[in-house]
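K.L.:
Before anything else, here's the structure in question.
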Amino acid sequence: MSSVKNILSFVALFAGVKTAYAGLNSPGHNNVAIYWGADVDVIPLAFAVSIKGPGGVPQINFSNQGDPCKPFPGTDLLHCPQIGEDIKTCQKKGKTILLSIGGATYSEGGFRSAEDAVAGANLLWDTFGPVKSSNSSVLRPFDDAVIDGFDLDFEATVLNMVPFAKQLRTLYDAEKSKTFYLTAAPQCPYPDLYNKEMLEGGVKFDALFIQFYNNFCGLNNFVLGSQSQDKFNFAEWDNFAKKVSANPDVKIMVGAPANKGAASSGYIDAQTLVSVINWSKTFSSFGGVMMWDASQAWANGNFTSAVKGALSAGNSRVVRMSYAGYHSGY
């Protein structure tokens, strides 16, 4: 996609998908998430690459946002009013819009202290969460548009993320205007090196978008026709969901490259991915499929619709697709 304005073209294609409130159906198992989305329920915008960047405000980079976004003076925080309008349009069509924090270029390393972590969560909430009249001076990239939550995607060592994530959850719970979601995108080796602190530290996630690619546990090592899988380790993540997670109802999503060029390894064709979906559906924690990313899926024919069809056939619901245009780390 050449411009973030085209988020609306994805929605037009996928408007036929029926969802529960705000797109993400936490109890369901047919969600499709895409980094942005079509035949899709959840759209994480990737990425916020800094929580406290130049000027003391967050920094966002959507890679190919182009002319519609201009930085606020003295900062690297982009003002993207068109994206704000698109967010509201997507939400009216039942899509869940998340902001993904981190990615391959995130280099802050987390926070120096728990107090800094809480302050960072408050800053993100003021910047992207509900509009408060008491915070009229806050710079808001999407103007009065309010995202539906945050996705945490850290690919290097980060500190004090438990108090950060818990503060986000506290802010969610105190806000009664709508439901907000907290998700994460760990790599498939368990325990994930960079997210272990959060995953095993009492943070209540609504869904985990497991990256089953670029690793030995990737989708390319799924054995067709086998009832047990030695390398593809969805079963291990299902065990985490039921026995370790602070939220025993957390949904585990199968993360897949949306095209051959989307990841270094792990891409499988739609027919094979359907087999993975059918096998994964036997686990109660299964929540759907995540694809990286929208631009790759868009160029891959009927890949997304085939996946959505497989999910819908068994009353599985979420497809999550991310939009970033380009991300060297995936």
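Each residue's number is its place along the chain shown, starting with 1.
Keep in mind that glycine also has a Cβ here, set from the backbone N, Cα and C atoms.
Quantities reported herein were computed from a predicted structural model and do not represent experimental measurements.
Pulled the feature table from Swiss-Prot, pasting it below:
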- E155: active site, proton donor (ACT_SITE)
- 23-314: domain 'GH18' (DOMAIN)
- N61: N-linked glycosylation site (CARBOHYD)
- N135: N-linked glycosylation site (CARBOHYD)
- N278: N-linked glycosylation site (CARBOHYD)
- N302: N-linked glycosylation site (CARBOHYD)
- 1-22: signal peptide (SIGNAL)
K.L.:
Taking Cα atoms as reference points, rank the recorded positions N135, E155, N278, N302 by distance from N61 (N-linked glycosylation site) and give the first.
P.N.:
E155
K.L.:
Would you kindly give the Cα-Cα distance separating the residue listed as 'active site, proton donor' and N302 (N-linked glycosylation site), rounded to the nearest Å?
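P.N.:
For N302 (N-linked glycosylation site) versus the residue listed as 'active site, proton donor', the Cα atoms are 30 Å apart.
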K.L.:
Sort out the sequence-distant neighbours of N135 (N-linked glycosylation site) for me: same chain, 6+ apart, CB within less than 8 Å of its CB, listed by position.
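P.N.:
The list for N135 (N-linked glycosylation site) reads D126, given in order along the sequence.
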K.L.:
If I take the alpha carbons of E155 (active site, proton donor) and N278 (N-linked glycosylation site), what is the distance between them in whole Å?
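P.N.:
It is 29 Å, counting Cα to Cα.
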K.L.:
Measure from the Cβ of N278 (N-linked glycosylation site) and count the other Cβ atoms within 10 Å, all protein chains considered.
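P.N.:
Its Cβ shell of radius 10 Å holds 14 other Cβ atoms.
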K.L.:
Across all protein chains in the structure, which of the glycosylation sites N61, N302 has the highest Cβ count within 10 Å?
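P.N.:
Comparing the glycosylation sites N61, N302, the most crowded Cβ belongs to N61.
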K.L.:
What number of additional C-beta atoms lies within 10 angstroms of the C-beta atom of E155 (active site, proton donor)?
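P.N.:
Counting Cβ neighbours of E155 (active site, proton donor) within 10 Å gives 21.
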K.L.:
Can you give me the average pLDDT across the domain 'GH18' (23-314), rounded to a whole number?
P.N.:
92
